[in-house]
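A short write-up of the structure that comes next.
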Amino acid sequence: MAKPLTDSEKRKQISVRGLAGLGDVAEVRKSFNRHLHFTLVKDRNVATPRDYFFALAHTVRDHLVGRWIRTQQHYYERDPKRIYYLSLEFYMGRTLQNTMVNLGLQNACDEAIYQLGLDLEELEEIEEDAGLGNGGLGRLAACFLDSMATLGLAAYGYGIRYEFGIFNQKIVNGWQVEEADDWLRYGNPWEKARPEYMLPVHFYGRVEHTPDGVKWLDTQVVLAMPYDTPVPGYKNNTVNTMRLWSAKAPNDFKLQDFNVGDYIEAVLDRNLAENISRVLYPNDNFFEGKELRLKQEYFVVAATLQDIIRRFKSSKFGCRDPVRTCFETFPDKVAIQLNDTHPALSIPELMRILVDVEKVDWDKAWEITKKTCAYTNHTVLPEALERWPVSMFEKLLPRHLEIIYAINQRHLDHVAALFPGDVDRLRRMSVIEEGDCKRINMAHLCVIGSHAVNGVARIHSEIVKQSVFKDFYELEPEKFQNKTNGITPRRWLLLCNPGLADTIVEKIGEEFLTDLSQLKKLLPLVSDEVFIRDVAKVKQENKLKFSAFLEKEYKVKINPSSMFDVHVKRIHEYKRQLLNCLHVVTLYNRIKRDPAKAFVPRTVMIGGKAAPGYHMAKLIIKLVTSIGDVVNHDPVVGDRLKVIFLENYRVSLAEKVIPAADLSQQISTAGTEASGTGNMKFMLNGALTIGTMDGANVEMAEEAGAENLFIFGLRVEDVEALDRKGYNAREYYDHLPELKQAVDQISSGFFSPKEPDCFKDIVNMLMHHDRFKVFADYEAYMQCQAQVDQLYRNPKEWTKKVIRNIACSGKFSSDRTITEYAREIWGVEPSDLQIPPPNIPRD
C-alpha cells in the first residue's frame, strides 16, 4: 500500500507550474470571459467599457504573475546583490499596453478582443495614468525600472503609493486650474497589497542616552502598508517589483489619549496619520520645506530600510532562523541608489539602525553606509536644493538630528585636517548651514554619505564638479561620475510608434529593441529613396492620427501638412517657454506685415503643468492661451500658424504627441537643464531638435553631428561671461525692432484686450530681472528657426536628417544608462539569462 503523503509533500502540489498561461487567442478569450463573469461579476448585458478593460487587465496580469513568482524564487535561490532604487516619484503612466508589449502578448490580445467585438485601443484609453511623479525625475525612475528588469538585475523600486498623483490640469478662460487626480477611484488591477509585510515608522518622541546605548522613546507610530506592482522585462520572463508604501494608522491610534471617552474623535483623527501618503507634492525644481513633505521622505526611507534589512537577514519568508546577523557583507548584497536628495534620510537612518539597533560600532557602520549608498544629483538650480530647518528635525526626528550632527562633526574634522586654517571652506562644506534659521543641506549629506555621486549628462556632471560640489570634488574626486540619462525604447518607440518600429524592423531586425546601438545599421539607408519615403509616410500617418485626436478632444482643427512644432515639459522660467512665445508673436507679425509672402505653415503646440503656487509659470500658460486666441482667429493668418496649448500633458499624452512631432524644442538656458529626456524621445521618434547646448542636447549633437540639429544661443561659458559683465535686457529690446514689437504687444494688452495689464509681471521680469536671459538668445533663435523653415521646404532633405538622428540615438537607451550604473556604481553585471516560464520545470 502506498505510503500516505506528509503535509509538506502534499503542499508540493501548490505550484505555479500547473497553471496554464495565455498560449493563444482562444486562451485569451477564455480568460477574458472568466474574469468578466467571475472576477467582475458582470455579464455582457450590464458590462461597461471599464469592465471590459478590467477583464483584459486581469487576463494579462494572470500571464504576468507566474513569471513574477518565478523571478522572486530565482532571486531567493541565487541570492544575488540586490539593487534598491529609492525615489519619491515613479511616473509610470499606463500599464496594460506596456505589459502586453513586454510579454509579447499584444497580437493575441488584439485578435481576441477583436473577435469579441471590442476595440483594444478603446479599452487601453480607459486606463488611468499612474501619475506618481511631476516630470522628468519620476519618468526616469519608471524607465530605469523597465531597463533593470530587461537586464535581469535583482532590482526593486521603492516609493510612496500616493492616493492622489500629480493634479489634472484644466484650462479655464486660459488659466490653469488644478483638479485632484483620484487615480485609484476605480481600483488598480496591477497592485497587490502585502499586509504581512506592514512595518512601523516612528516620528517625534525624545532621545535617551543609556548605558545600553541610545533609545528613541515616546514616538508616534504610523504603519507602512506595502503595495507591490510587477515590472516585466522585455521578453525575458523576468518580472521585478515596485513596492509602494501607504500610510495606515495603528489600531490603538490616539485611543489612549481619549480615555475620557471621545472614541469617535480618536477614530476620525486616524486621517492625520494616513495623510502622509495622501498626495504627491506638485513642485518640480522647487523646494518648499513643508513638514508633511519631510514626513513623506522619512516614511519611505524608514519602511524601505526595514524591508531591505529583513531581506538581507533572512532570505525566505517564513524562515525563522536569521541567515545573516553580521553586517560586514551588507554592501556586497545591497546597493541603495538615492534618486535626488528626497531619500537622503537613508544615510542617517541606516546609521541609526546599525549603531542603535544592531550595535555596530560607529566607524564600521559609517563604512557600511558609505559603501551601500550612492546619490544621483538632478538639478543645479539653487531654489531646488533641499535645505530643511534644524528646528523641524528637532521636533520630528530628534535622533536623526543627533546622527547628522555627528556625521558633520567627523566630516569637518577631516576637512580641517586636510585644509588647516581654511575656515571658509569648513563653512561651505558643512551639512549644517548657520544663519537666522539653521538648516540641513541634504545634498551635502548625500555627497558625504555616498561612495558615488553622479550627474545625469556630461555637461551637468562637469557643472556638478566645477561649481555645485566643487569643494567636495577637490576632497574626493574619485567619487564623482557621469551617467547620461536614457529612455526605454520599449515604451518610447515600440509601444508609442509601432509604424516606425515596424519600418525599422523590416530593415535591421528586432535586436535594436534590447540593444539600441544597433540603430547605427540605419546609417547606410540615409539616402535610400524607399526608406526615406517609408519614414516620411509613417510620420504623416502619425500626424493625421494626432490631428484627429486633437479635433476630437480639444475641438480644434489643424492643418496636418503643417510643421508640428512641439514644446512639452513642465512650465518653468528656465525652460523658456517665453522664448517660444516671442518667436510665435514675431511670426504672427511677419504674416500680418506681408500676407502675400509664402510662409511655412506651423502648428505650435506647447504643453505642461505649472506648480500650483508658481505665479510666473501660471501666467506663462495664460500668455500661451491668449496668443492662441488672437492668432487662431485671425483670418489673415488662416492655417499658416496655429497655437495650441496641450491641456493636462502626461505620459499617455506624450505617447501620442511625440511620434507626431516634426520639431522638438529644447531651449533651456545653457547650464540649467541637467539632462532632459523628452529631447531623447523626440529624437528616437523622428523629430528634429532645435535647442541650446544644454543637458543631453550636447551629447545628441555629438552623436548625430551638430549639423543635423538646429543648435543656437549662448553656451555655458557665454552665460557665465554675461553674468560677470551684467545682463542688460534693455540693450536687446532697444536694438531688435521685432523683439521690441512683440514685447510691446504683450505689455500693452494686444493679446489681453479685456485685461491690458494681465502680463505686466512677465514683461517686468523679462526687462529687469530675467535670470534665464531670454532676450540674449532671441536673435539667434529667430535665425535658427528660419533655417528650420528652409529645411522643412525640402521634405527629402528633412527626412534624411530625421533618419540620421534616429540612427544615432542608440546611446540614449536607459539600458545603456543602467548597464553603466550596474558596472560602475552598484558592482553587478547585467544578465541575459532567460528565467524559465512557469509551465517549464526549473533546473
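Placed from the backbone N, Cα and C atoms, the Cβ positions cover glycine too.
Record features, source Swiss-Prot:
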BINDING   Asp43, Tyr197, Arg310  AMP binding site
MOD_RES   Ala2  N-acetylalanine
MOD_RES   Ser15  phosphoserine
MOD_RES   Tyr197  phosphotyrosine
MOD_RES   Tyr473  phosphotyrosine
MOD_RES   Lys681  N6-(pyridoxal phosphate)lysine
SITE      Tyr76  site 'Participates in a stacking interaction with the adenine ring of AMP'
SITE      Cys109  site 'Involved in the association of subunits'
SITE      Cys143  site 'Involved in the association of subunits'
SITE      Tyr156  site 'May be involved in allosteric control'
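The structure, with features from Swiss-Prot marked on it.
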{"residue": "Ala2", "record": "N-acetylalanine", "Cβ contacts under 8 Å, 6 or more apart": "none"}
{"residue": "Asp43", "record": "AMP binding site", "Cβ contacts under 8 Å, 6 or more apart": "Leu36, His37"}
{"residue": "Cys109", "record": "site 'Involved in the association of subunits'", "Cβ contacts under 8 Å, 6 or more apart": "Val28, Leu56, Thr59, Val60, Met100, Leu120"}
{"residue": "Cys143", "record": "site 'Involved in the association of subunits'", "Cβ contacts under 8 Å, 6 or more apart": "Gly486, Ile487, Thr488, Arg491, Trp492, Thr677, Ser814"}
{"residue": "Tyr156", "record": "site 'May be involved in allosteric control'", "Cβ contacts under 8 Å, 6 or more apart": "Arg82, Ile83, Tyr84, Tyr85, Asn240, Thr241, Met242, Arg243"}
{"residue": "Tyr197", "record": "AMP binding site", "Cβ contacts under 8 Å, 6 or more apart": "Pro226, Asp307, Arg310"}
{"residue": "Tyr473", "record": "phosphotyrosine", "Cβ contacts under 8 Å, 6 or more apart": "Val464, Lys465, Gln466, Phe480"}
{"residue": "Lys681", "record": "N6-(pyridoxal phosphate)lysine", "Cβ contacts under 8 Å, 6 or more apart": "Ile487, Trp492, Ala654, Ile658"}
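Of all residue pairs in Asp43, Tyr197, Arg310, the annotated binders of AMP, the farthest apart have Cα atoms separated by 45 Å. A strand conformation is recorded for Tyr156 (site 'May be involved in allosteric control') in the three-state DSSP classification. In the three-state DSSP assignment, the secondary structure recorded for the residue listed as 'N-acetylalanine' is coil. In the three-state DSSP reading, Asp43 (AMP binding site) counts as coil.
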